[in-house]
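Asks: I'd like to ask you about the structure that follows.
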Amino acid sequence: MTIALGKFTKDENDLFDIMDDWLRRDRFVFVGWSGLLVFPCAYFALGGWFTGTTFVTSWYTHGWASSYLEGCNFLTAAVSTPANSLAHSLLLLWGPEAQGDFTRWCQLGGFWTFVALHGAFGLIGFMLRQFELARSVQLRPYNAIAFSAPIAVFVSVFLIYPLGQSGWFFAPSFGVAAIFRFILFFQGFHNWTLNPFHMMGVAGVLGAALLCAIHGATVENTLFEDGDGANTFRAFNPTQAEETYSMVTANRFWSQIFGVAFSNKRWLHFFMLFVPVTGLWMSALGVVGLALNLRAYDFVSQEIRAAEDPEFETFYTKNILLNEGIRAWMAAQDQPHENLIFPEEVLPRGNAL
């Protein structure tokens, strides 16, 4: 039996092909299909943040100033979260809360959901951009995989955590001092520094910084020279095709320092990828746990003994008292609508403060 294979011809004017050709053609700044997501989302997220920090107050949601117009500076300005009473509303401009009134939308905290959602999709689009470009030039997708770590942290902190709580109100506001305040909140209400997932995150970030410094210094130490002159390092020539540093020399150096060293570049660079990415992912998982109000380590026996014996204190019991102080102060400040009044006997006391 003979089977005839005919070549399938597509319409040369097919809209998808025209779009694909224009989006993926070689240009100074690659656009790609991912660009349809990342460019508008990044534009709106950054534009919303600059607009919010410049003009929009937090008086109606938090009871304080947060814009340059009110006297804040770069460190104290922020796009603040919506009020606690708005729960998890998307706060669309045309929604039932603002009803198309832009001024009211700003007063209710609409810029926060605007920046958070466009920012999240912008970051996801940037990861897809790396994946798309890597596929176009036949690279492995490890850049996109690595960038998934900061995306996981952003989504867990700004979206998943407040979704697990009573509203967007408990997410961080977009500002420098606002993030610091959120860190204090995490410590006071969740004892975050004693959480093992936070410990893994710190180990990953600081470990990656150490690996980066060691790696950069080692490569600089073992650069090849092409002569006796002080300024003839061929390694700084971008057109040099061959190796620019000696892995063998680096291996011998660290073998003498530590007794062990990386035997090849692939394992070395995979380790430099693995440490920060794993640390950030573990930290993101920990924040998801906090969204569900899961506890960190609780050394109850030390707390009981400290309560019974005034002379017994540990760094842990001192930190627990500090956390109580944070909660007592922040709850009343953050939720003025609750009219929280704490009697003297519930405020932190003892020799820790």
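The count begins at 1 with the first shown residue.
Cβ coordinates come from backbone N, Cα and C, glycine included.
Sharing the features that Swiss-Prot gives for it:
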MOD_RES   THR2  N-acetylthreonine
MOD_RES   THR2  phosphothreonine
TRANSMEM  41-61  transmembrane segment
BINDING   HIS118  chlorophyll a ChlzD2 binding site
TRANSMEM  125-141  transmembrane segment
BINDING   GLN130, ASN143  pheophytin a binding site
TRANSMEM  153-166  transmembrane segment
BINDING   HIS198  chlorophyll a PD2 binding site
TRANSMEM  208-228  transmembrane segment
BINDING   HIS215, HIS269  Fe cation binding site
BINDING   HIS215, PHE262  plastoquinone binding site
TRANSMEM  279-295  transmembrane segment
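For each feature listed, report its degree of burial, its nearest neighbours and the pertinent distances within the displayed model.
Replies: Of all Cβ atoms in the shown protein chains, 20 besides its own fall within 10 Å of the Cβ of HIS118 (chlorophyll a ChlzD2 binding site). Under the DSSP three-state reduction, HIS118 (chlorophyll a ChlzD2 binding site) is assigned to helix.
For ASN143 (pheophytin a binding site), applying a Cβ distance below 8 Å and a minimum sequence separation of six or more within one chain yields GLN130, ALA134.
Through the fold, the transmembrane segment (153-166) approaches residues 81, 84, 87-88, 116, 119-120, 123, 172, 280, 283-285, 287-288, 290-293 of its own chain, all at least 6 residues removed from its boundaries and within a Cβ separation under 8 Å.
In the structure as shown, the Cβ atom of HIS198 (chlorophyll a PD2 binding site) sits within 10 Å of 21 other Cβ atoms.
Counting only same-chain residues 6+ beyond the ends of the transmembrane segment (208-228), those with a CB under 8 A from a CB of the stretch are 234-235, 243-247, 249-250, 253-254, 268, 271-272, 275-276, 279.
The Cβ of HIS269 (Fe cation binding site) has 14 other Cβ atoms within 10 Å, all protein chains considered. The DSSP secondary structure for HIS269 (Fe cation binding site) is helix.
Counting every protein chain shown, the Cβ of HIS215 (Fe cation binding site) has 16 other Cβ atoms within 10 Å.
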Asks: So what's near the transmembrane segment (279-295) in sequence-distant terms, Cβ-Cβ under 8 Å and 6+ beyond its ends?
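Replies: For the transmembrane segment (279-295), the far contacts come to 148-150, 152-153, 155-157, 160-165, 186, 190-192, 195-198, 200-205, 207-208.
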Asks: Sequence gap of 6 or more, Cβ distance under 8 Å: name the residues on the same chain that satisfy this around PHE262 (plastoquinone binding site), in order along the sequence.
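Replies: Those within reach of PHE262 (plastoquinone binding site), by Cβ under 8 Å and sequence separation of 6 or more, are ASN251, TRP254, LEU268, PHE271.
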